[in-house]
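Participant: Let me begin by handing over the structure; questions about it come next.
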Amino acid sequence: MAKKQTSVGSEEPSSSRPWESYHTVYTNAKAGMEGVDKEKVQRIVYEMSKGSKYFENEEKKDAYMKQKIENMRAQYTKLTPQDISHHQKMADKRILELEVTRDLSRIWLHVDMDAFYAAVETLCNPSLKGKPVAVGSMSMISTASYEARKFGVRAAMPGFIARKLCPELLFVPVDFQKYTYYSNLTRKVFQNYDPNFLAASLDEAYLDITTVCKERGITSEEVADELRQSVHLETGLTCSAGVAPNRLLAKVCSDINKPNGQFVLPNDRSAVMTFISSLPIRKIGGIGKVTECILKDVFEITTCADMLQKSSFICALFSRSSADFFLSVGLGLGGTDTPQYKMRKNISNERTFSATKDEALLFQKLVDLSEMLSADMIKEGLFGRTLTLKLKTASFEVRTRAVTLPSYICSSEEILNHASKLLKAEFPVSLRLMGLRMSHFSEDKNGIPPDPTQKTLSDFILARDASGGKTSDCRPLVSDVCDNTFSVDLNCYPTYSAETSCDLRDSSMENQTSDSTFSRSILSNTNEEVNGTVVPQSSEPRAKVHKPTNTDHKMKFEKIDSYTGQLEACPRDNWQNGFSCVDDEAGSISDRKQFFVWVDDYKCSICGIELPTSFIEERQEHSDFHLAERLQGEESGNNLRSFVPQQRAAPKCHTGSSGRLKKKQKSSPTASKYVPIDAFFVKTNQNF
């Protein structure tokens, strides 16, 4: 194991060289940075970062990593010879099982555009050619040209540090619209070689060229050379290619002869094992600086071949999935089959900017993100229900806030409406990154439930009479008037949840918020006799129960129209205060304020739901719902629900001795005493 390392697990540096252990973003695994003075870059990054929020966050990450390494070292030393022998047998068995899966029949090509963003800017502005160029700003760099990489400048590096490393560095602002245009041009070329190519990003893709090689009778090297020339003719840009038996090795190969080069690894096991034996582990996609540090400092693993030599320890201290990945890397195994299309789980975008507390600027960022997210969803025909807001504070703390909506949405207006509420709850705050993610997509990609014929329980109950037949001439009031207003649906209101995350997950994290959920529950009491079950509710005389007729429904619709007109004339403040503007009628509650109020200005007096005053639309919708309940009760002549203010309480067990309901036995008209379930419910709800 090397004595001098940049990782936190290396030997303690001398007091005069503290940067040797500083955990920076620098790595010489990036193409074009092989000859860079590594120590110089480390020292400059350390000196310019010291005392900043970034530096403090890196120190926390270093401490966390050191602790993780120490814990794994402790487990490593506790392994007995018997344990090692046992896990060696398991590792050998697993290696044989993985070896059986080796597939050398496919030829994969990975194409990677050379310094894509910087190359596009140079193509559009020839005066930049041959000069060190960085796409980004003084805050952060997205891409650096190969001329800039010679100085140690690279992506994900702050611009002011890059300028210190390279005083001649030229900055060009990011223009994603331009990069997307050139990316689409390259993909037109890829289509000619593999219609089902896998795009990994705007500037790289995986192509299965097995069929092309067989049909045209040419070698994989010739295909790679031809493809690179076609891309150059189509776009004026250069790219590098790697050919190998699987995607994992193809990506490694494309990085070997950058820029504007290619490397071909034959489809031969001995060639693969020779290639992988001396390959540094950091060259493998999926092994980053943290994993590299753990493998080096704990197991002294530096090359992919070391994975097999240390297989017993890997199987002993890592999970099954992690161990399989490391062993597969040691064997040079990777994906060979074209992945089957699966509906994506989420779609997102995010942007980094200079830390700011300006609320107007932050809202403008949110508007831009909403429009971009909506455009991406419309392009793919997606409608989602769960919206997540990602925030990174000036102190590099990461927070996520989510809301689950009652219906599928995709428009920028709806996305912005809900995202704004999530962002407002975080003020005041200083942010340096913001992102939006939509998930929980509808399965048919058009915002309509997968099965339009699927009926709800309410539809089932109300659409059938006691004998099981459909009531064609007596349509239910609930579905005819307004499903969103009158139906009792537990998903009627958004569910807001909050989660604060940090890279370290330590106890010192600021502004940590526990998960919170605003949920809705309908608590109601019934004084109806159901199959002989008597629920005493009120001493007032009850109206006779009768079956609704067409005349009854006509009267209900007329009264609904009357109520709706009066509701539209109500001031919004009245709804916020929680009472109805509808005139009292005979048999209704005389005190309108007593009908519905917000207890302590946030808790519903009827069902106990808690809605802050900032949720204006939700509170108004909630008021509409209870008004509809009251209207139904009055029109049916039977108060099915109690509107007496109730305090929220924990659900009581109905099987308790004090609250147990006694069932009145009735003789059944049939010998089997069987009552159809639809008849049971219809008898209960026939006056809805």
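Each Cβ is built from the backbone N, Cα and C atoms, and glycine gets one as well.
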Participant: Which range, 70-89, 510-529, 530-549, does TrEMBL list as region 'Disordered'?
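Facilitator: Of the candidate stretches, TrEMBL labels 530-549 as region 'Disordered'.
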Participant: Pop the mean pLDDT for the domain 'UBZ3-type' (597-634) in here, whole number is fine.
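Facilitator: Mean per-residue confidence for the domain 'UBZ3-type' (597-634): 73 out of 100.
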Participant: Pull the DSSP breakdown for the domain 'UBZ3-type' (597-634) and write it out as helix, strand, coil residue counts.
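Facilitator: Tallied per class, the domain 'UBZ3-type' (597-634) gives 19 helix, 5 strand, 14 coil.
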